[in-house]
Amino acid sequence: MGWAIAVHGGAGDIPLSLPPEKRLPREAGLRRCLDVGIAALKAHNHPLDVVELVVRELENNPHFNAGKGSVLTTSGTVEMEACIMDGKTMKCGAVSGVSTVVNAISLARLVMDKTPHIYLAFDGAEAFAREQGLETVEMSHFITPENIERLKQAQEADRVQLDYTQPIQKEVPKDAALADGDSQIGTVGCVAVDNEGNLATATSTGGIVNKMVGRIGDTPIIGAGTYANHLCAVSATGRGEAIIRGTIARDVAAVMEFKGLSLKEAAAYVIDQVPRGNAGLVAVSSTGEVAMPFNTTGMFRACATEDGYSEIAIWDSPTK
Amino acid sequence: MEASIMDGPKRRCGAVSGLTTVKNPISLARLVMDKTPHSYLGFAGAEEFARKQGVELVDNEYFITEDNVGMLKLAKEANSILFDYRIPTLTTCGGSAAMENQLQMNGLPISLYAPETVGCVVVDKQGHCAAATSTGGLMNKMTGRIGDSPLIGSGTYACDLVAVSCTGEGEAIIRSTLAREVAAVMEYKGLNLHEAVDYVIKTRLDEGKAGLIAVSKNGEVACGFNTTGMFRGCATEDGFMEVGVW
């Protein structure tokens, strides 16, 4: 037993040639968040508080696709979503279509704690945030120049893909890394377990670049991008549509329960079922195991366990 | 209003939430599945998509019935959430009577219980399953509240083996990922349809109240509920037909 924590900053087609100015800030961000989470666990904070805290850090970091630094919709706006779940009580909270709330994960937590519901979205979620006195800002706060550029490139790629006079461009796969070396997809998440086996998970995202206004991904869907029960806590990342149809987060726990697999085996099994290049996840079990499998080129991730093990990685072996 | 639809063979899915003028939310969910690279659209974005697709739109008043206006008033007086079920005795108990008999949902009081989400599951001769669910949600719900009906794996699910549509306490259905649960125990534990439905209803609902209908790729049909009743009907090719409430 013993506590364990795992964090991710998004899985995707992260090219091995990612330049240092893009790689280093994210590694530093992961390191910082891991430290924050570890300190909180060592101070005996409940995993629910730990995962919320860590995800808030990631949301505030403009290098990740959540909170500040969220990717943009096709209209150039920000629509954030987040989800949190407590493994022991199975209580959960989720929000979508949030555009002014500084920390969507905290709003999701309030939905869980302060309403009879699980999931609030768009205007209703924003109104609830104000009612609860959560910090809100102008939407421009979340928008970074990199994301404006990403949106431009994605819209260009879309347009170019339809332009049959440019056959070379037509061969570019839809999810290819953009010219600046960044993946189009990403999310942030954190899972944690304390040494009493209390589990929690939290996930937050801006969605996918150039998404339709109103598009909801896997992150706020319990069982898809986020799930925790008495066995494990899971946070997934990747192409939302694939994670939804694969009920990824739920399946890790289901496979552990119904097939008796270990966390690592279950997580690897579930990721294997998803078409290559589409998903990754971080998970911890009630007994303090950690798993961080992905079938994409890379996944920004970090983990630590009470026995002193810790790791920060982007690429390396696909199943860990 | 919200809805979702799922096609078993490739587990393609479509869902919508926060609709106020689309006459048939389920058809919009179908269009999300068929005509967009996404699985789920909500609120203004979904309504805009509907406009662009040219689906039938109506004024919000079209959907509102006198009964529901009355129920909302009662719910507000009782300061609680109602499942949108009408029973005559409701008129004989005023707000205070409702307060005395507090059922709880998600830790907060609800006045009455018997939900009316709608859904349908179908399997054809080739064993292809599909599921669809649609709802107005909870009476007196918070604006922007999303329930289980549009959530794949909770209110709706279909795969190679089975198609499921759920109804009941949305929040309980979400926590138990009820629809996916039926398929998961069939897939991972090898239970047949009836065993799976029984097992899931009996063991996965904690204090929550819900029901579901399901069909399997073998042409079986099953339903289960831990509520007093569930409005339902089913039919199979060999001539079996049934409509039931309790």
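Quick reminder: no glycine exception, Cβ is built from N, Cα and C everywhere.
Here the structure is a predicted model, which means the values were calculated and not measured.
For A:THR187 (active site, nucleophile), the Cβ neighbour count at a 10 Å cut-off comes to 33, with all displayed protein chains included. If you look up TrEMBL, you'll see A:THR187 marked as active site, nucleophile.
Under the heading substrate binding site, TrEMBL lists A:ARG215, A:ILE216, A:GLY217, A:ASP218, A:THR237, A:GLY238, A:ARG239, A:GLY240. Annotation note: A:THR237 (substrate binding site) sits in a strand segment as assigned by DSSP.
Most Cβ neighbours within 10 Å, among the binding-site residues A:GLY217, A:ARG239: A:GLY217 holds that distinction in the structure as shown. Taking the binding-site residues A:ARG215, A:THR237 in turn, the residue surrounded by the fewest other Cβ atoms inside 10 Å of its Cβ turns out to be A:ARG215.
Closeness to chain B is evaluated for the recorded positions A:THR187, A:ARG215, A:ILE216, A:THR237, A:GLY238, A:ARG239 by Cβ distance, with values under 8 Å counted; counted residues in sequence order are A:ARG215, A:ILE216. Within the set of binding-site residues A:THR237, A:ARG239, A:GLY240, the entry lying nearest in space to A:THR187 (active site, nucleophile) is A:THR237 (CA atoms). A:ARG215 (substrate binding site) falls within a strand segment according to DSSP.
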